[in-house]
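In what follows, a single structure is set out as structure tokens and then discussed.
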Amino acid sequence: MDLDAVTKHSALHAKPNGLILQYGTAGFRMKAEHLDHVMFRMGLLAVLRSKYTKSTIGVMVTASHNPEEDNGVKLVDPLGEMLAPSWEEHATCLANAEEEDMQSVLMDISEKAAVDLQQDAFVVIGRDTRPSSQKLSQSVIDGVTVLGGQFHDYGLLTTPQLHYMVYCRNTNGQYGKATIEGYYQKLSKAFVELTKQAFCSGDEYRSLKVDCANGIGALKLREMEYYFSQELSVQLYNDGTKGKLNHLCGADFVKSHQKPPQGMEMKSNERCCSFDGDADRIVYYYHDADGHFHLIDGDKIATLISSFLKELLLEIGESLNIGVVQTAYANGSSTRYLKEVMKVPVYCTKTGVKHLHHKAQEFDIGVYFEANGHGTVLFSKAAEMKIRELAKELEDKKRKAAKMLENVIDLFNQAAGDAISDMLVIEAILALKGLTVQQWDALYTDLPNRQLKVKVADRQLISTTDAERQAVTPPGLQEAINDLVKKYELSRAFVRPSGTEDIVRVYAEADSQESADSLAYEVSVAVFQLAGGVGESPQPGF
């Protein structure tokens, strides 16, 4: 490791004075003009991680659903997973190191992790469509090359596509070809094979309106459409030709504002969906005949998919264990429907995709979706092998069901939540089951809910347990919440500190919107009084 060369190049990517950053679930994210030094240093770290794992490591330059002026970076581990927690600490330490400490911090990471510095390193890089992304990805490349790492720059990719490339390269092509055409062909072939089984596929030409958040998803979906256009027509809106990334559009906007994106022409009962800026989230929605907006979020996506998988498993008579993983934000109606109607086990984890992903790996088939539409289905290696064997061996109807399960395995991008992959799975299931978007929505009715934020002096005063559903500190807060919840029907509420700023997030649901709003307000007041609220006290009516 040529430390003098590192010092020389690092000076060209100097760290702004006083800037302190934390590597979190989304990696590093902030205003793009402050990220040059971070990108260079994550190039360095990717080389060390590659040497340590003896594998290809990915670096994705994106800020997902954040505004266009932001950017960010995250590292992708060998099987498409997020960076290991111990290396998140290394990333934070390296990003915050002063220039004069760079050499010692790099050596410290190498020694703590027992990195073999003689080992070869290979890094793959992708970026989204933000104006700042190309320059920042070049800074990553500078970091990779100064430590002697080899790299391949894929250029413009969705975040899930970079995860796919890493997974392919580290499984010697067994998962798929590590090219954009390989990605298109794998997913499209599985989609076409699956939809062939639909009784109604010849009766109606299926079409879907897709809001691409003026992001990378538009470019990639337009390239990919050729491969599946006989089975599904996609009409792209907010495709980046005009309008700013994520501005008044995209999955996050639709979910949080409960209304359609700007620029989307919607007729009654038409299926529409939105991606986020880097195409790893998806939500569906429609207008009913009366013009009312209906959102179909990650909870209903998980319900549709897990129900379909459960039916196929029953068809082939296999007792593979399937589990659905949610967070505390999942609507109570979805949890009840899965447990009581579908008889599918449901588990709750802390908020954050890495927690859901980790829990989902415990099952033969693990389904996880956050309410925001970020999720996927994971098949264990044993389950995948079993299903592929059954697809060859079983007779008639059972073989057909096993073959459909095999197509689902190939259709999901198991390396990461993937809006394109999820969209194709959903469209295939709706076709196979002959469901309209209204019938899907009617599987269960969401309980009315409300989310609020309370500013506090120090978010660390609040600690939680039971997958963030119970407050441990400050004393008396959970008891106050329990007393308030008792006042309302079908109600629950929880609070959790933000991971990045001094606010406490409040969630409440109840049998009516009026009750959910009232409960959320009363819990907010309790937080303000017991957890060091600052500024104006919460007011009713928000």
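Cβ coordinates come from backbone N, Cα and C, glycine included.
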156-187, 316-347, 380-411 - the one TrEMBL records as coiled coil: 380-411
Euclidean distance between Cα atoms of ASP280 (Mg(2+) binding site) and GLU370 (substrate binding site), Å: 11
Set of same-chain residues at least 6 away whose C-beta sits under 8 angstroms from ASN372 (substrate binding site): ALA251, ASP252, LYS255, ARG281, VAL283, ASP297, GLY298
Among PRO497, GLY499, the one of these binding-site residues whose Cβ has the fewest neighbouring Cβ atoms within 10 Å: GLY499
Number of other Cβ atoms within 10 Å of the Cβ of ASP276 (Mg(2+) binding site) across all protein chains: 32
Of the binding-site residues listed as SER64, ASP276, ASP278, ASP280, the one whose CA lies nearest the CA of GLY499 (substrate binding site): SER64
Candidate with sparsest Cβ neighbourhood (10 Å radius) among ASP278, GLU370, the listed binding-site residues: GLU370
